[in-house]
Amino acid sequence: MSWQQRVDDALTARRATDTLRRRYVVSQGAGRWLVANGRQYLNFSSNDYLGLSQHPQIIRAWQQAAIRFGVGSGGSGHISGYSVAHQALEEELAQWLGYPRALLFISGFAANQAVITALMKKNDRIVADRLSHASLLEAANLSPAQLRRFIHNDTQHLSRLLQSPCVGQQLVVTEGVYSMDGDSAPLAEIQHIARRHHAWLLVDDAHGIGVTGDEGRGTCWQRGVKPELLVVTFGKGFGVSGAAVLCSESVADYLLQFARHLVYSTSMPPAQAQALSASLAVIRSDEGRERREKLAALVQRFRAGVNASRFTLLNAHSAIQPLIVGDNSRALRLAEALRQQGCWATAIRPPTVPVGTARLRLTLTQAHEACDIDRLLEVLHGAGE
């Protein structure tokens, strides 16, 4: 088979199963409204849960830092790219979340891959929730360690897998809030099981940090859990981008030596780090609390309305509210029907989610108003098959 044939066959297979991904060009993709092709839509696809991507205080912090530092960091943090803005943000994050150290990464994908590939060795075992993010599972597959996957949120299955003999070390991997299902992991029980088997715990709290817990400290803080490795990302609740790993002093020093994604990548711009510090300040303030409370009320309003209709929701009380459709083509038709009525929603299909669970992944944000939720419910009820 030639290179071209391989490429063509892969694309043909995606088209045949209605799983071909497409990008849409938008003029504005975050906030209450999405603008595309000159038309304005209510935006139910953004991960900007607290509406901070448009916050004037955060925008101003980025602008002022760009004037001071320029628009790029100039290199890896190991060369010349670790500025006072990066250092300040790491210290603020560590203090906020109660860890000795925080290390910044350019993305959550990079952070997850860096930690797993740097730590895991031959004869080690990774035990991951089967619905863990692609960055976690890909890192596990690329590492020399054995990967075992436990049934989603099934702590008994997790315990059985950890009980089987392992020559090396074991790492349990889960998420705080699951990106496609919107539900939460039983973190306290998972941590108890991991410690009983002398395993370390890695929690990716991309969709919980900033949005849940006291001062927005996330799902782990809310559940009284402190994993050995906590990954937080900044493209959701923080409204910016990037990520950080929270850990001990020795693990941070180890990652600075052996995490290739950290050593060999240009660090985030200092202006971005300063904007993230400004975002953190908002998240921790009374304004941040009010934004979280408003979002929680909108989620409750949506779930109450959908539960009275023909749609069935998953047990998700986060900003992520998936409507399981099942069939790929039906999910695409439903997304298009909503767009025709001025609501932008995204159809999520395999391989992002398991076969037979195609869905609309609806996301609610603090930028929405109650009337927006009511409009979405009205359109959904009219579009339901």
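Any Cβ shown, glycine's included, is placed from N, Cα and C.
Going through Ser80, Ser83, Ser179 against Swiss-Prot, the one listed in the pyridoxal 5'-phosphate site together with Gly108, Phe109, His207, Thr233 turns out to be Ser179. Among the candidates Thr219, Thr266, Thr352, the residue that Swiss-Prot annotates alongside Arg21, His133 as binding substrate is Thr352. Comparing the recorded positions Arg21, His133, His207, Lys236 on other C-beta atoms within 10 angstroms of each C-beta gives the minimum for Arg21. Cα to Cα, Lys236 (N6-(pyridoxal phosphate)lysine) and His207 (pyridoxal 5'-phosphate binding site) are separated by 6 Å. Using a 10 Å Cβ-Cβ cutoff, Thr352 (substrate binding site) registers 15 neighbours. With a cut-off of 8 Å between CB atoms and residues at least 6 apart in sequence, the same chain places His133, Ser135, Asp204, Ala206, Val231, Thr233, Gly235, Ala243 near Gly108 (pyridoxal 5'-phosphate binding site), listed in sequence order.
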